[in-house]
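Asker: Please find one structure pasted underneath; my questions will follow.
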Amino acid sequence: MEISGLVYLIIIVTIIDLPYGKANNYCKIKCLKGGVHTACKYGSLKPNCGNKVVVSYGLTKQEKQDILKEHNDFRQKIARGLETRGNPGPQPPAKNMKNLVWNDELAYVAQVWANQCQYGHDTCRDVAKYQVGQNVALTGSTAAKYDDPVKLVKMWEDEVKDYNPKKKFSGNDFLKTGHYTQMVWANTKEVGCGSIKYIQEKWHKHYLVCNYGPSGNFMNEELYQTK
């Protein structure tokens, strides 16, 4: 669907401006990868999308619950040895896979990054208590509709089809399976996500960012302990 002429939009905000940006001095955080912290560089939840037309940003309470449930359902599927996909499959069961809990600070930093409408990983997103990992997903349609955030999470899960469980995590895993491995990294305890929907030319896009703490995807380490 082409967009022409004047467009009048009411931007729907579904996230409360959390106090973390004011309570924490992110400019003092030194990330292991270097760079200026995302919450320091951009400083607020105000979208900064250039000529893209922002439709809405943030996640509802229900969407947060759905995202968390999808993560934990998938982690428990792996833990029970019920995932048959892989290269080769199946994935072995895990004995140290715990459920994730939602973390509002991780969600705040993820939302700040999502609101830049820049697809890809930011450089510095760590918080005071740990290093932070990240998954990103972007979908688009020429129809005026936006994918449910759980559908974007499932895109990360689907990377399991390319994962070889017989070896430890390596740099070769990042491109094809890095989102999957972060989702099921056993030592990761918390997750928080941000979302923005916008129009770019004829495309209606939904961008989801999830931050994870402590971070996963460490070289030559196992995703989890097998039974």
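Glycine is no exception: its Cβ is also placed from the backbone N, Cα and C atoms.
For C27-C40, C31-C124, C49-C117, C193-C210, the entry in Swiss-Prot reads disulfide bond. Look at Swiss-Prot and you will find 68-212 tagged as domain 'SCP'. For 1-23, the entry in Swiss-Prot reads signal peptide.
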Asker: For the domain 'SCP' (68-212), what's the model's average pLDDT?
Answerer: 97
Asker: Which one is it: of the disulfide-bonded residues C40, C49, C193, whose Cα lies the shortest distance from the Cα of C31 (disulfide bond)?
Answerer: C40
Asker: Counting other Cβ atoms within 10 Å of each residue's Cβ, which of the disulfide-bonded residues C27, C49, C124, C193, C210 comes out lowest?
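Answerer: Among the disulfide-bonded residues C27, C49, C124, C193, C210, the sparsest Cβ neighbourhood within 10 Å belongs to C27.
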Asker: What is the nearest of the disulfide-bonded residues C49, C124, C210 to C27 (disulfide bond), using the Cα of each?
Answerer: C124
Asker: For the disulfide-bonded residues listed here (C31, C40, C117), tell me which residue's CB has the most neighbouring CB atoms inside 10 Å.
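Answerer: Of C31, C40, C117, the one with the most crowded Cβ is C117.
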Asker: Of C40, C49, C117, C210, which is closest to C124 (disulfide bond) if I measure between C-alpha atoms? They're all disulfide-bonded residues.
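Answerer: In terms of Cα distance, C124 (disulfide bond) lies closest to C40.
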Asker: Provide the three-state secondary structure of C27 (disulfide bond) computed with DSSP.
Answerer: helix
Asker: Restricting the comparison to the disulfide-bonded residues C40, C49, C117, which residue's C-alpha is spatially nearest the C-alpha of C210 (disulfide bond)?
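Answerer: The smallest Cα gap between C210 (disulfide bond) and any of the disulfide-bonded residues is with C117.
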Asker: How many Å lie between the Cα of C40 (disulfide bond) and the Cα of C49 (disulfide bond)?
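Answerer: A Cα-Cα distance of 17 Å.
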Asker: Can you tell me how far the Cα of C49 (disulfide bond) sits from the Cα of C193 (disulfide bond), in Å?
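Answerer: That comes out at 18 Å between the alpha carbons.
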